[in-house]
Amino acid sequence: PAPAEAGRVPGPPDGGWGWVVVFGAFVSIGFAYAFPKGLAIFFKEIQDFFGTSYSEIAWVSSIMLATTYGAGPISSILVNRYGSRPVVMFGGLLCGLGMISAAFCTSILQLYICVGFITGFGLALNLQPSVIIIGKYFLKRRPIANGLAMAGSPVMLCTLAPLNQFLFDNFGWRGSFLILGAILLNCCVAGALFRPIGPGTAPVKTQVTEEGKDALKGKITEDGPMENKTEEEGEKDCFEKVNQYLDFSLFKHRGFLIYLIGNVLMFLGFFAPIVFLAPYAKHTGIDEYSAAFLLSILAIVDMVARPTTGIVANSRWVRPRIQYFFSFAIAFNGACHLLCPLASSYTGLIVYSSFFGLAFGMVCAMLFETLMDLVGAARFTSAVGLVTIAECCTILLGPPIGGILIDTFGDYKYMFIKCGAVMVLAGTFLFIMNYYNYRMLAKEEKERKAKEEDPKSVRTENEGKKNWNKDSIQDGPELEPLKEKGEGLKKEINGT
């Protein structure tokens with residue numbers, strides 16, 4: 001490469017080995033989302049074995065989901081430090097270790113630790129890196145790649161449900177946990193496919209900036225006392241070290257805050273309808289096998305909806321305004337739940353499950369793509385970690401609130417109405433606020449171009465951006481070479 005590009009990370013290839021990476025993400029994301037749901041088939045025998053209540057055994061899945069989402073910042077820090085490949089491989093080892101250890105548990109508390117915390121943390125180390133690595137391999141085709149990778153969830157759910165039933169019938173829950181632990185080790189294979197895309201060296205601009213900082217620090221040390229600056233610099237270095245792995249400045253990003261508030265609200269009604277769909281069907285007098293088949297219909301439609309949504313979102317009509325499409329998908333999901341109480345017959349529930357699967361797949365396919373569209377690939381790793389820790393609380397609260405409504409009123413329709421209203425509200429909020437965000441971005445871009453056309457404004461702005469401490473530093477001849485080097489580089493980067 002040319003000397004000016006020698007230190008830069010290569011751009012996304014948008015294909016090639018990237019499709020192998022998508023397959024690895026398909027496996028990792030599929031296990032991360034589908035595995036906690038697939039374990040429910042073993043709960044009845046485990047409940048009888050340990051003599052616990054259904055609420056106590058249900059905490060196994062709740063702890064696993066909470067750990068998977070709550071450990072998002074830890075996963076993001078590890079990805080920023082070591083890369084996606086070793087993190088996913090280590091997560092696969094933790095998943096296998098947790099399930100194999102669970103096969104030898106003698107109390108429900110031990111199951112909480114082995115299945116809930118250890119396996120849940122392993123799944124967290126599979127989820128975030130798999131989403132992050134796609135953003136490094138794709139740019140133009142990123143919505144399609146994300147849609148294909150997210151399709152791993154319904155595919156794994158359709159596969160794990162009959163597999164778990166077969167294992168349960170032949171080996172019991174302990175033998176099944178041993179085999180599932182071995183199956184989860186395939187996450188290590190999926191992680192091995194996540195080949196780093198480039199050397200990951202810092203851009204030239206960053207290197208020159210650091211050289212300038214070092215030179216200035218040396219000059220300050222020679223010219224003036226450092227007694228009052230040591231403590232301030234220590235605090236600043238500590239903050240920069242933390243911010244290097246988890247970018248808290250995202251909380252000043254307008255688009256990120258809009259996305260965060262809308263998603264936290266959405267997850268209050270996102271998972272509860274799936275949890276209560278089969279019980280609701282049984283409540284209306286449908287047999288258990290037909291009720292379970294509704295989940296299969298939902299998963300099959302979801303399986304088709306995710307890659308299809310990715311293709312639509314990648315089109316030239318939708319891609320520039322993908323945030324509006326995401327808002328529509330959330331509101332459409334909520335509208336399905338609001339109409340669900342009208343489906344009293346089995347045919348009506350089949351229609352509801354089909355539309356629910358379509359809406360659910362649309363939201364999941366764009367869940368991370370819209371976040372990357374807002375914050376960019378460079379800050380996406382930190383953004384995923386901060387979003388998942390915030391979503392963790394509402395994911396835990398959603399199903400219990402729905403259960404309280406069912407217990408209080410003795411009817412499932414109030415739970416569906418609550419979930420539908422919350423999601424319609426979240427979709428409307430995101431639509432309005434994204435419209436405001438787009439208007440503000442256009443206004444800021446217009447002001448920026450106006451300043452660039454005025455040389456005096458540009459000069460004033462450049463002077464304001466320089467971080468010189470004029471009380472301690474005087475512009476002398478010894479700083480001229482450094483300033484010329486930085487200005488030359490800036491012109492080169494702007495030209496590029």
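Placement of Cβ uses the backbone N, Cα and C atoms for every residue, glycine included.
Look at TrEMBL and you will find 16-36 (among others) tagged as transmembrane segment.
For 18-438, the entry in TrEMBL reads domain 'Major facilitator superfamily (MFS) profile'.
The transmembrane segment annotation in TrEMBL covers 57-78 (among others). Within the same chain, residues 32, 35-37, 39-40, 43, 46-47, 50, 87, 91, 108, 111-112, 115-117, 119-121, 123-125, 127-129, 132, 245-246, 381-382, 384-389, 391-392, 395-396, 399 sit at least 6 positions outside the transmembrane segment (57-78) and bring their C-beta atoms closer than 8 Å to a C-beta of that stretch.
Annotation source TrEMBL lists transmembrane segment at 90-123 (among others).
Annotated transmembrane segment per TrEMBL: 144-163 (among others), in sequence order.
Long-range contacts of the transmembrane segment (175-194) within the same chain: residues 20-21, 23-25, 27-28, 31, 35, 42, 83-89, 91-93, 95-100, 102-103, 119, 122, 126, 129-130, 133, 164, 167-168, each at least 6 residues beyond the stretch ends and with a Cβ under 8 Å from a Cβ of the stretch. The transmembrane segment annotation in TrEMBL covers 175-194 (among others).
According to TrEMBL, the transmembrane segment annotation covers 256-277 (among others).
Sequence-distant contacts of the transmembrane segment (289-305) (same chain, six or more residues past either end, CB-CB distance under 8 Å): 151, 153-155, 157-158, 161, 274, 277-279, 281-282, 346, 349-350, 353-354, 356-358, 360-362, 364-365. Per TrEMBL, the feature transmembrane segment maps to 289-305 (among others).
The annotation transmembrane segment is assigned in TrEMBL to 325-344 (among others).
Cβ atoms under 8 Å from those of the transmembrane segment (350-368) belong to residues 131, 143, 146-147, 150-151, 153-154, 263, 266, 270, 273-274, 277, 294-295, 297-310, 313, 322, 325-326, 329-330, 332-333, 336-337, 339-340, 343, 384 of the same chain, restricted to positions at least 6 beyond its ends. The transmembrane segment annotation in TrEMBL covers 350-368 (among others).
The transmembrane segment annotation in TrEMBL covers 380-402 (among others).
The feature transmembrane segment is assigned by TrEMBL to 414-436 (among others).
Here TrEMBL flags 445-496 as region 'Disordered'.
Residues or ranges marked as compositional bias 'Basic and acidic residues' in TrEMBL: 445-473 (among others).
Summarising the annotation, TrEMBL assigns compositional bias 'Basic and acidic residues' to 480-496 (among others).
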The transmembrane segment (380-402) vs the transmembrane segment (90-123): 3 or more CB pairs under 8 Å: no
Chain residues in Cβ proximity to the transmembrane segment (256-277) (below 8 Å; excluding those fewer than six residues from its ends, i.e. six or more beyond): 37, 250, 291, 294-295, 298, 327, 330, 333-334, 337, 340, 353, 356, 360, 363, 367, 370-371, 374-375, 383, 386-387, 390-391, 393-395, 397-399, 401-403, 406, 412, 415-416, 418-423, 425-427, 429-430, 433-434, 437
Reported mean pLDDT - the domain 'Major facilitator superfamily (MFS) profile' (18-438): 80
